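Quick notes on the structure that follows.
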Amino acid sequence: MEPIFALAFGVMIAVAAYLILSRNMLRVLLGLLVLGNAANLAIFLAGRLGSRVPPLVEAGEATVAVSANPLPQALILTAIVISFSLVAFTAVLFENAYKRLGTLDPDAMRDAETPPGEGLRDDERRE
Amino acid sequence: MMRANLLLALPVLCPLAGVALSLLAWRWPLVQRGVSLAASFGLLLSAIALVGAVHDGTVLATQFGAWQAPFGISFVGDMLSAAMVLIAGLMAVAVGIYGLAGDASAREYAFYHPLYQGLLLGVTGAFLTGDIFNLYVWFEVMLISSFGLLALGGTKAQLDAGVKYVTLNLVVTTQFLIAVALLYGATGTLNMADLALVLPTVENQGLVTTLALLFLVAFGAKAAVFPLFFWLPAAYHTASAPVVAIFAALLTKVGVYAILRTFTLMFDGDTGVTAPIVGAIAAATMITGVLGAAAHFDIRRILSFHIISQIGYMLLGIAVATPLAVGGAILYVIHHIVVKANLFLVAGVIHRAGGSYHLKEIGGLYRGLPLLGVLFAIPALSLAGLPPLSGFWAKFGVIKASLDAGHIALAVTGLAVGLLTLYSMLKIWNEAFWKAAPERSVAAERRWLGEPGTRVLMLVPISALATITLAIGFWAEPFVDYSLRAGAQLLDKSAYIDAVFPPETAGGARIQESVP
């Protein structure tokens, strides 16, 4: 099982890198989403795949012999919530940026970047 | 034991209450102001109590939910984290007061106060946590608040900057999360004190070095080191003065703190690989930062590049890793937070009183506002490291340590960068204060003199921070002593580990979790 999942992790990282390097912010957003899920898969893998018995201790016993590790699942749950909220925020931010700046190409977004020595028009732009 | 719990929880609970209450009061800006200021003062007072409890070298630790250490979530306060929390509290109050001045009401309807307290919450949590996954969570709390604060106002430049800042930071924190996952796979634990015990016993030490470098990249990008600093000058100059001041004070320093913590506690075994890399990064960071500052003419951009340059000095201390070097780095962090926040606050006043952030459009401020000139000169000269100001002692510690350890090239780089820092500070001085004033600047100055309330709110925090800079400079001994002892405590990690795993419970309670 592990090699397949490790391969899937690698493929997801590659896809995410390809998308994030794109010159379209929508694809960058999708890339961030894939990257976040690749990280979740990494946590899952790090906790070892294997038996799916829930880690519940039966009455009268002190330990469970073979059970799933609950910690990675708790970590992934946290990470999913965080990456979901951040991607939601990013989607809204990108949409606003598209509305105000009129482009989805990050190379064409030049409002915060001006050549050295000329960065004076920021104040005028604000008004 | 109850006391330790409370002391460690209060610096996090105060901003948390600040977030909740100021969100509830979002319709009433005056209530928000009161709540926000009260939470900031609460943070400062609880931080003073925390420093009071740990300044003699004791390490406080608590486990939330009463789970034993490697399983529960630890909060640990040692001398370094207490000092960082204290300085964060100080900044919270100073920038909080400054943030009430001028055009504050526009910000307040856009959730300025809840986001501001959220940022403080993330920062203090990151300083106090003893669990590496929790560090990731606090990083995210800090990040989402900083995203909101940066986009506050929604101008074109801010949205453009926000797109880049958000994307780059998300990629790096995700990479941090992947590194945490691999660390868990290698060791089966995420508690930092437990990791300090387990990592040396990992058979595959090459994997440990790889993990160390992954964490270095993640924290290095947060701390804006070469070559991962590009998001900082692309974004910081678009935010409003109080926002950029609190960013400059705290955000990159959390990265530096994380490097200090992980590379003294967890990854101190293989310095043969990481130390030269950190040293090279430190030199490159100092040089590129200061050259960027020398090239620009927008005050905020100059100061943004100086943040990068100064991070290099802190890394220098981490790379050399002698007790004096680490102590010097800690003093440097403390001094730099005060000075840098103050410079950005002064830049905000220059913008108001001069009408622009661009040096070519302003001038002659010294004639009408001599006090502002003095208040700029104190942090500016301290940043350049001129004696007897605070920057001198910090720089002296770091550079003397690198000379002692035989890193001559690094020390010479540090001194040369100090000269260039002085040059770019003199550039601001000459252009903004000394040369003849353009008309626009004169008009803005007249308007500024007609706003007594704004003037008081802006100048009081600036004067207070300048006083602290002077105090560290002229009365350096307690600060140097504290930093050196904090550095020694970092290098001798036994106190930290003993606090998380109390020796009296060591035999029975500490179960070495077998990796499944």
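Counting starts with 1 at the first residue shown.
Note that Cβ sites are derived from N, Cα and C of the backbone, with glycine treated the same way.
Those TrEMBL annotations? Automatic predictions, nothing curated.
Under the heading transmembrane segment, TrEMBL lists B:35-54 (among others).
Long-range contacts of the transmembrane segment (B:75-101) within the same chain, counting only residues at least 6 positions beyond its ends with a Cβ under 8 Å from a Cβ of the stretch, are 7-9, 11-12, 15, 33, 36-37, 39-41, 43-48, 50-51, 53-55, 57, 59-64, 107, 112, 116, 120, 123-124, 127-130, 192-193, 241-242, 245-246, 249-250, 253, 257, 260-261, 330, 333-334, 337-338, 341, 345, 348, 453-454, 457-458, 460-462, 464-465, 468, 482-483, 485-486, 489-490, 495-496, 499-500. Residues annotated as transmembrane segment in TrEMBL: B:75-101 (among others).
Summarising the annotation, TrEMBL assigns domain 'NADH:quinone oxidoreductase/Mrp antiporter transmembrane' to B:131-420.
The transmembrane segment feature in TrEMBL is assigned to B:135-153 (among others).
As annotated by TrEMBL, transmembrane segment applies to B:165-186 (among others).
Annotation source TrEMBL lists transmembrane segment at B:206-232 (among others).
Among the features that TrEMBL reports, transmembrane segment is placed at B:239-260 (among others).
Here TrEMBL flags B:280-299 (among others) as transmembrane segment.
For B:311-335 (among others), the entry in TrEMBL reads transmembrane segment.
Same-chain neighbours of the transmembrane segment (B:371-393): 306, 310, 331, 335-336, 338-340, 342-343, 346, 349-350, 353, 365, 418, 421-422, 425, 428-429, 432-433, 459, 462-463, 465-466, 468-470, 472-474, 476, 479-480, counting only residues six or more beyond its ends whose CB sits under 8 Å from a CB of the stretch. Annotated transmembrane segment per TrEMBL: B:371-393 (among others), in sequence order.
Summarising the annotation, TrEMBL assigns transmembrane segment to B:405-426 (among others).
Annotated transmembrane segment per TrEMBL: B:456-476 (among others), in sequence order.
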Does the transmembrane segment (B:206-232) come near the transmembrane segment (B:405-426), with 3+ Cβ pairs under 8 Å (pairs 6 or more apart)?
no
Counting only pairs at least 6 apart in sequence, do the transmembrane segment (B:135-153) and the transmembrane segment (B:280-299) share 3+ Cβ pairs under 8 Å?
no
Report the listed stretch (B:35-54, B:165-186, B:239-260, B:280-299, B:311-335) having the maximum count of Cβ pairs within less than 8 Å of the transmembrane segment (B:405-426).
B:280-299
With pairs closer than 6 in sequence left out, are the transmembrane segment (B:311-335) and the transmembrane segment (B:239-260) joined by 3 or more CB pairs under 8 Å?
yes
Distant-in-sequence neighbours of the transmembrane segment (B:35-54), which means Cβ under 8 A and at least six residues beyond its ends:
3-4, 7-8, 10-11, 14-15, 17-18, 21-22, 25, 60, 77-79, 82-83, 85-86, 88-90, 92-93, 96-97, 100, 113, 116-117, 120, 124
Restricting to the same chain and to residues at least six past its boundaries, which positions have a Cβ under 8 Å from a Cβ of the transmembrane segment (B:456-476)?
90, 93-95, 97-98, 100-102, 334-335, 338-339, 341-342, 345-346, 348-349, 352, 371-372, 375, 378-379, 382, 387-390, 392-393
